[in-house]
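Over in Swiss-Prot, the protein carries these features:
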DISULFID  34-88  disulfide bond
DISULFID  38-84  disulfide bond
DISULFID  42-81  disulfide bond
DISULFID  48-74  disulfide bond
DISULFID  52-69  disulfide bond
DISULFID  56-65  disulfide bond
DISULFID  92-119  disulfide bond
DISULFID  97-114  disulfide bond
DISULFID  101-111  disulfide bond
SIGNAL    1-20  signal peptide
């Protein structure tokens, strides 16, 4: 009876160890979420775009109205948001895709595939 209990305890311990290792592995290789990391700097831009959409609801040409509104009102926030995302993507590229993305080949298919997988 004690051998059966010992075997069950051993199995439970092994399963717990395997699960902990899997969780650590999954967290270590999770893609970098640049959009999520830049939520705070991009909040004013999102609010500005929503404001433009609301103000252009009564316009006859909504598409042109929104484009002009975004260009006139949202451009400063857009630069801050773009700078945050660019910084995040550069850091992610250097950390995860250095061999696939040499200095001047950021548009190659292998580089894009690596960036898509690792830097969302």
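Using N, Cα and C of the backbone, Cβ positions are placed for all residues, glycine too.
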* Might you list, by sequence position, any residue in that chain lying six or more from residue 69 (disulfide bond) with a Cβ less than 8 Å away from its Cβ? => 51, 52, 55, 56
* **Integer Å distance between the CA atoms belonging to residue 101 (disulfide bond) and residue 92 (disulfide bond)** => 11
* Asked: Taking each of 84, 97, 114 in turn, which of these disulfide-bonded residues have a Cα lying within 10 angstroms of the Cα of residue 34 (disulfide bond)?
  -> 84
* Based on Cα coordinates, which of the following disulfide-bonded residues are within 10 Å of residue 42 (disulfide bond): 65, 74, 84, 119? -> 84
* Asked: To the nearest whole angstrom, what is the C-alpha distance linking residue 111 (disulfide bond) and residue 74 (disulfide bond)?
  -> 31
* Translate the DSSP assignment of residue 119 (disulfide bond) into the three-state scheme. => strand
* **Within 10 angstroms of residue 88 (disulfide bond), Cα basis - disulfide-bonded residues out of 38, 114, 119** => 38, 119
* Out of 48, 97, 101, 119, which of these disulfide-bonded residues is nearest residue 81 (disulfide bond) by C-alpha distance? -> 48
* Structure fact -> residue 48 (disulfide bond) falls, by three-state DSSP, under helix
* Asked: Closest of the disulfide-bonded residues to residue 65 (disulfide bond), Cα to Cα, picking from 38, 97, 114, 119?
  -> 38
* **DSSP-derived class (H/G/I helix, E/B strand, else coil) of residue 38 (disulfide bond)** => coil
